[in-house]
């Protein structure tokens, strides 16, 4: 068999926690193998610049070395090593003794802590959402006020200079913070959260620096008039807050507590991060139910009823805290802070009626929404690949790219309204016309008194205010068709080109806004055949484009209903979402799955591909397999840990400790490092009488949060100690999950994913062979690895039917 690669992302190398910082608890995995020395930089952002470029080129363009593609991924704006999480409970003597010692009080504290942390996650996520909205409304508001005042004075050149300079400064602020402080904060963060909840960890995705840069950078980026949103960054922010709270304390900062030790495992942290992601959507749109459904439908890979209750409690806390903060701002103490995205959009009349004659226009809206959404994903994929090629040249090119996009965006936003004709102010409106200041439906721009520029009213507002303008009922005649067409085209492509820069940015709100313009455009074209209001068409247009791009149905439906506060639209929204999703699915995958694949995260789907049923697990397991004896020599353990990156090692008892070679269990790298650091060795290869529970505590083996992980290079052992032995039996997981080598790969995948494993031992069919023949890890289930070992599967008819539309060959 071919040599087995040290696989971390696939589950065989390194440990780590998602909430670590650069000096924190991410243990750098050993990713080097023969012929792949450029994977040796574990720190990602701190390594050699040329090395990172080679890693990025490998990730995006390699079609040959598919056996190691699952070891690195594009995390934020940088390529970093990744590793698997392990949701399996380790049942060894130390663990069992710890559970036997726990009484009723321990269990009550454990349950209470879960609810307390959910409360804190909800409150802090609400505060973060409020700060983001407060910052955007004030910063962008001040910019629009100054620009509008200069336009009123006829100083058009000065107005453009202020608009361009402020946008440029805000964009570069976000880019500088992201590139130099927290590269993991780039983008929306939803692909990283989705990958983490699927069992993939990466350095710094939930660190404190990432959290701070995500909030500050999001405020700057959204305020710079780039066509980006804050919903995605708030999802990442909520996940960061949850992960930091669930670290289990920090020995580095002397913040340890017996209460927090319960969360020193991947399983509980995963649940808390799920609640945090739900809180992020709830904070972005004040949609608590929509937030829960978003976490269930989009980012979570494991779900159960107990988690549903805690997630709902978390988002309920978000709604309560936001309501209190909004009431505080009504006193006028929040500066230019307006309604923003924190209140319901007033979009329709109190009573919405629709008839059978309205169905054809609505169906048409859904069909073309699906087509436009799939095209949006297609163009976004091409643009992101281009941006990655530019960004691999270095940090300077990242700044140049951001500067180019923001200058072009500012020129479009300021220049396009000049082509629109002025419209007389309506006489039946309660709103001031023309609008003087930041928000409003009637921007004066270059027009005379009692006139307004409808295109400027769309461009010279925050995204939230523009959405409200488009959603407003009774405004059928406020916008000219040519203005809506120009705004739709500009929003569509600006949203594509604005995403992918090295700064925090979201996709949800830009798609929502573009969809609103699309709905208005359809209403103007075929609205005469319908009795529906143009504002309602805008709402349905948002649903259509969201369904076509993101393929979310239930969560988007509920979020839109919570935004608009009108349940009467439910049937129409459901119809549009279903149609647009079905149409778009015929062309490509949803945007978040596209981003996960593009970034290189080894994401396990909830189903097995048909070609996997043609293979057994023995067809993908490679060797040789590294094992330890039940009583192992210290020097051999040190040698193996230094020369491999595996995270799990089978422990096999051999004579005289057993009648024949017998699999005893599985021991983790982190646990071996604890044993080596403690130095409780024995001098001869004999069974130890050591009582493990008296010399070790469960906390010593618990997964750490903040604080530096041990590395084998940091442990100093004398030559005499290297000749001694250590008894691994008390620290070995005696009941690891196992499968026979004849099991189908499809069946093994379902077991691996549903249980949340990092290692799955493969046992021989015959008792005359070695007791264990291999270990299945996440890497072994990746299409890159499987199709690299068995290229004949490319010709499989079933493979083409199922995977052809996903364009798998483009990522191999």
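Numbers run from 1 along the shown chain.
Backbone N, Cα and C define each Cβ position, glycine as well.
Record features, source TrEMBL:
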{"type": "REGION", "residues": "1-29", "note": "region 'Disordered'"}
{"type": "COMPBIAS", "residues": "9-19", "note": "compositional bias 'Gly residues'"}
{"type": "TRANSMEM", "residues": "112-136", "note": "transmembrane segment"}
{"type": "TRANSMEM", "residues": "156-182", "note": "transmembrane segment"}
{"type": "TRANSMEM", "residues": "272-295", "note": "transmembrane segment"}
{"type": "TRANSMEM", "residues": "307-325", "note": "transmembrane segment"}
{"type": "TRANSMEM", "residues": "337-356", "note": "transmembrane segment"}
{"type": "TRANSMEM", "residues": "362-379", "note": "transmembrane segment"}
{"type": "TRANSMEM", "residues": "399-420", "note": "transmembrane segment"}
{"type": "TRANSMEM", "residues": "479-500", "note": "transmembrane segment"}
{"type": "TRANSMEM", "residues": "507-526", "note": "transmembrane segment"}
{"type": "TRANSMEM", "residues": "538-561", "note": "transmembrane segment"}
{"type": "TRANSMEM", "residues": "568-587", "note": "transmembrane segment"}
{"type": "DOMAIN", "residues": "732-792", "note": "domain 'CBS'"}
Sequence-remote contacts (6 or more beyond its ends) of the transmembrane segment (272-295), Cβ cut-off under 8 Å? 18, 114, 117-118, 121-122, 125-126, 128-130, 193, 196-197, 206, 230-231, 234-243, 245-246, 263, 303, 307-308, 310-312, 314-319, 322, 341-344, 508, 552, 554-556, 558-559, 562-563
Report yes or no: does the transmembrane segment (399-420) come within contact of the transmembrane segment (507-526), defined as 3 or more CB pairs under 8 Å with a sequence separation of 6 or more? no
Residue list, the transmembrane segment (112-136) vs rest of chain: Cβ under 8 Å, 6 or more residues beyond ends. 215, 218-219, 222-223, 230, 233-234, 237-238, 241-242, 245-246, 259-260, 262-263, 268, 271-272, 275-276, 279-280, 282-284, 310-311, 313-322, 325-326, 329, 334-335, 337, 340-342, 462
Would you say the transmembrane segment (362-379) and the transmembrane segment (568-587) are in contact under the rule of three or more C-beta pairs closer than 8 Å, pairs 6 or more apart in sequence? yes
What are the helix, strand and coil residue counts for the domain 'CBS' (732-792) according to DSSP? 24 helix, 12 strand, 25 coil
